[in-house]
Amino acid sequence: MSSCSTCASKSGCSKDIKCDFIKPKYGRIRHVVGVISGKGGVGKSSVTGILAVQLRKLGYRVGVLDGDMTGPSIPRFFGINEERTGYAPTDVKDVFKFIPVETSLGIKTISMNFMIEEEEPLLWRGPVLGNALTQLFQDTDWGNLDYLLIDMPPGTGDIALTIMQQFPVDYLVVVSTPQDMVSMIVKKVVNMAEKLEVPIKGVVQNMSYIRCGSCGEKMNVFSRNTAESQAEKMGLPLLAELPIDPDFASYLEEGMAERYAATNKDYDILMEAFRNDENEIAKRVAEAKKKSIPFLDS
């Protein structure tokens, strides 16, 4: 990977996007964050949606790219059922760009499910899926975003590899649940990120506890594997513990999960974990420059 200081295209690069990675053609994105898990069923897409809402509450301009191409869940989280991605002409003849669907809170979203019928399977092989995801990232008119969250597919397959190697990801957020089997599989994702030199901000342990409906006390469901010990085994900071919440499931079914995520106090812990994110990213950039590793073009 060449240094930005010697790049012939330095003057034309966006200062918000790392060199040597694909870039969005329309708009500016300051930070790209991948949300990933080792396996399915841990609530990764829900955590992505909740994180988007919490960042929005902090005043950031937020977008979500549904990168789980064969199992897209982002439209369901935000209650987007009938809307379809729009298209708009560009300055180039016969070339069009995607127009993202905005949620009630102004979060910009794009998903393959906006382009096909909801229950239609996507029977594409890995390289085709990777190219389609790249096109969604590059050809969407994102406008000006502070954060673009990518809801990545679980595991260490082709799409995850494409995102880590080709997308300008600032860091990953790893989603887990308090079970030994999940911890083992998540560790594979952590090792993959380390080998590809993609930073990990920390772990969000989902389904960590259930809150008593009478007294409000937290009750651990999987007491043998606490959030702190799980994060310690992975060598990562613990960002947040999120509950098993029957009410959330009800709101999700009604297409109102976004509103619930904005008002439930149990999710504010995720907002606090990202409150000083800008300073942390700036510090990481400075450290990378000291090591002569191109991280962001400044």
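Positions of Cβ are set from backbone N, Cα and C atoms, glycine also.
A TrEMBL annotation is a machine prediction, not a hand-curated record.
Taken verbatim from TrEMBL:
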BINDING   G38, K39, G40, G41, V42, G43, K44, S45  ATP binding site
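What TrEMBL annotates, mapped onto the structure for a quick look.
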{"residue": "G38", "record": "ATP binding site", "Cβ contacts under 8 Å, 6 or more apart": "P154, G155, V174, S176, V182, M184, I185, V186, K187, K188, V189"}
{"residue": "K39", "record": "ATP binding site", "Cβ contacts under 8 Å, 6 or more apart": "P154, G155, V182, I185, V186"}
{"residue": "G40", "record": "ATP binding site", "Cβ contacts under 8 Å, 6 or more apart": "G71, P154"}
{"residue": "G41", "record": "ATP binding site", "Cβ contacts under 8 Å, 6 or more apart": "none"}
{"residue": "V42", "record": "ATP binding site", "Cβ contacts under 8 Å, 6 or more apart": "P154, V175, S176, T177, V182, N206, M207"}
{"residue": "G43", "record": "ATP binding site", "Cβ contacts under 8 Å, 6 or more apart": "V175, T177, N206, M207, L242"}
{"residue": "K44", "record": "ATP binding site", "Cβ contacts under 8 Å, 6 or more apart": "V35, I36, S37, D68, D151, M152, P154, V175, N206"}
{"residue": "S45", "record": "ATP binding site", "Cβ contacts under 8 Å, 6 or more apart": "D68, S73, I74, F77, D151"}
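Other residues of the chain with a Cβ within 8 Å of the Cβ centroid of G38, K39, G40, G41, V42, G43, K44, S45, the ATP site, are S37, P154, V175, T177. S45 (ATP binding site) carries a helical DSSP state (H, G or I).
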